[in-house]
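As C-alpha cells, the structure follows; a few thoughts come after it.
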Amino acid sequence: MTDTQDKNYIIALDQGTTSSRAIIFDRDANVVGTSQREFAQHYPQAGWVEHDPMEIFATQSATMVEALAQAGISHAQVAALGITNQRETTVVWDKETGRPVYNAIVWQCRRSTEICAQLKRDGHEGYIRETTGLVTDPYFSGTKLKWILDNVDGARERAERGELLFGTIDTWLIWKFTGGKVHVTDYTNASRTLMFNIHSLQWDDKLLQILGIPRQMLPEVRPSSEVYGHTKSGIAIAGIAGDQQSALFGQMCVEPGQAKNTYGTGCFLLMNTGDQAVKSSHGLLTTIACGPRGEVAYALEGAVFNGGSTVQWLRDELKIVNDALDTEYFASKVKDSNGVYLVPAFTGLGAPYWDPYARGALFGLTRGVKVDHIIRAALESIAYQTRDVLDAMQQDCGQRLSELRVDGGAVANNFLMQFQADILGTCVERPQMRETTALGAAYLAGLACGFWSGLDELRDKAIIEREFSPQLDETQKEKLYAGWKKAVERTRDWEDHEA
C-alpha cells in the first residue's frame, strides 16, 4: 500500500499489437486523458511477424507523457500505473546494455511451426497440455524463445552465461521503466509462455529442459496486483495483466461462470472458472485469470477466427457495404436471413471444431435472397460462432452462463448484440465504459496501492449502458442454431490434404 490521499489518478498503459496507448482514469474510473501511437510491423518472411522492442518502449513512453499533458496533470498526482499487453510476444535483451538481441517475435508469428512439430513427434504434446493448459502451437512464447536462442548468433551461449533476459512485453516495459532494476511478470502472462506450470505456479523445469531454456533468463512471477517497483519519475508500477485477462477483470468477471467476449477482428471469449483449472475436452485453452483481489483464478479461453474480419470482407472484397457501421441498418431492413447462412471459415475453423481444412461458404441461396440477407447472415455468423464456444465452455466446466459481458468495436452494433442475446438465450450486457482492457489494468494497480478500497467499490462503477434480453422463443432459437450446425458440417474438411 502507498499513500494515495493526494494522488487522484491512475495510468493504464495498453500495449497492443499495432499501437501503444495510455489512458488516465480518475477515482470515479472516468477517462481524463488518452494518447495513442502506432508503430511499425515487420514481415521479414511469409508468416513471420516482428516488432522493434525499442520502438514499443519509445511509443509507450511518449503516450504516457502525452496523456498526462492532455489531462493537465503531473507525475506527482498519479497514484500508480498498471500495464496490460499483447500476450505471448517475446523479447530477449542484454542485461547490461538493455539492447534487444533480436526484434520482438509477435504472437501472430508462425516461424516456430517446425519446432512445435518436433515437440509433437517427440511425444511432449500431452505433458505440455497437462502442465500449461495450452496446445503445442507457435502462438505461445516458449518456441519463439527457443528459435531466438537457436538462430541468433551467440545467443544460447550468452543466455547460459546469464547475460541475456527474456520477457513478454509487460516484463520488457517494466524493466525499461525501472532502469533495469525489476525483472518481473505476472501469472496471466506467464501462463501464455508454454513454460509455466499453471497448477504449481512455477516455471516448469521439465519444459525448460525440453525447450533448452536457461532458467536464469526468466523473470520472477508475481500476482497481478501488487507494487513491483517504481518508474524513474517515482510512479508505483502496481498492476499487470495480459490483454484478455485484463478485459475480463475490467468487466468485473471475477466469479465462476462469468464470461466476456471481446469482438474484434476475431473474438476472444474467456469464462472465469474460479479456483478450478478446468481441462477442456473441446480444445479450449485453460489459462490463468485474476480473482477478486487480483490473485490467481482460472479461466477457459476460446477464440473465433473471423468476427469483424467477416464484415471487412463484405466491405473490401464483396463491396456490398461502404462502412462496417452500415451493416446494422441493412440487417435490420429484413425480418430474418431468409434461410441464408454464411460460414466464414476463411482460414479454417477454430474452437470447438479445430478444422484447418474447412473453408467459407454461403448456404440457402434462392432467387429471393437479397444483399440485405447476406449482410444479416454475416453478422449472425459472429453470434453463432460465439455460441459454439460458449456451449463448449459450459459443457467443460458444468457452469451455466449467467450473462455475457461484451466489449470491442462490434458491440456498437445493436442488431448483433440483440441477435447474440437471442441465440444464446442469455442476457448480453454492454458497459458504458468501452475501455475495459485498460480499465482492468487500472483496477489492478488501484487495488494494490489502496486507491480503491475493494471489489464492492469497483462494482459500483461498472455501469451497464444497455442490456439486451433474449426475445426468441426456445423452438425458434434452436431451429436457427440447428441450421447453423448443418451449414458448418458442410464446410468441414473441404480443402484437399494428405490424411
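Glycine is no exception: its Cβ is also placed from the backbone N, Cα and C atoms.
Of the residues Gly308, Gly364, Gly454, Swiss-Prot puts just one in the ADP site with Thr17, Arg21, Thr265, Gly409, Asn413: Gly308.
Within Tyr139, Tyr187, Tyr298, the residue that Swiss-Prot lists together with Arg87, Glu88, Asp243, Gln244 for binding glycerol is Tyr139. For the glycerol site, the Cβ centre of Arg87, Glu88, Tyr139, Asp243, Gln244 serves as reference, and the other residues of the chain with Cβ at most 8 Å from it are Gln86, Trp107, Arg192, Gly242. Of all the binding-site residues in the list Thr18, Gln244, Gly409, Asn413, the shortest Cα-Cα distance to Glu88 (sn-glycerol 3-phosphate binding site) is found for Gln244. Counting every protein chain shown, the number of other Cβ atoms lying within 10 Å of the Cβ of Asn413 (ADP binding site) is 21.
Cβ environment of Gly308 (ADP binding site): Tyr263, Gly264, Thr265, Gly266, Ala324, Ile382, Gly408, Gly409, Ala410 lie under 8 Å away, each six or more residues apart in the same chain. In space, Asp243 is the closest of the binding-site residues Arg87, Tyr139, Asp243, Gln244, Gln312 to Arg21 (ADP binding site), judged by Cα positions. Residues near Gln312 (ATP binding site) in space but far in sequence (CB under 8 A, at least 6 apart, same chain), listed by position: Thr265, Ala324.
In this view, Thr18 (ATP binding site) is surrounded by 11 other Cβ atoms within 10 Å of its Cβ, with every protein chain counted.
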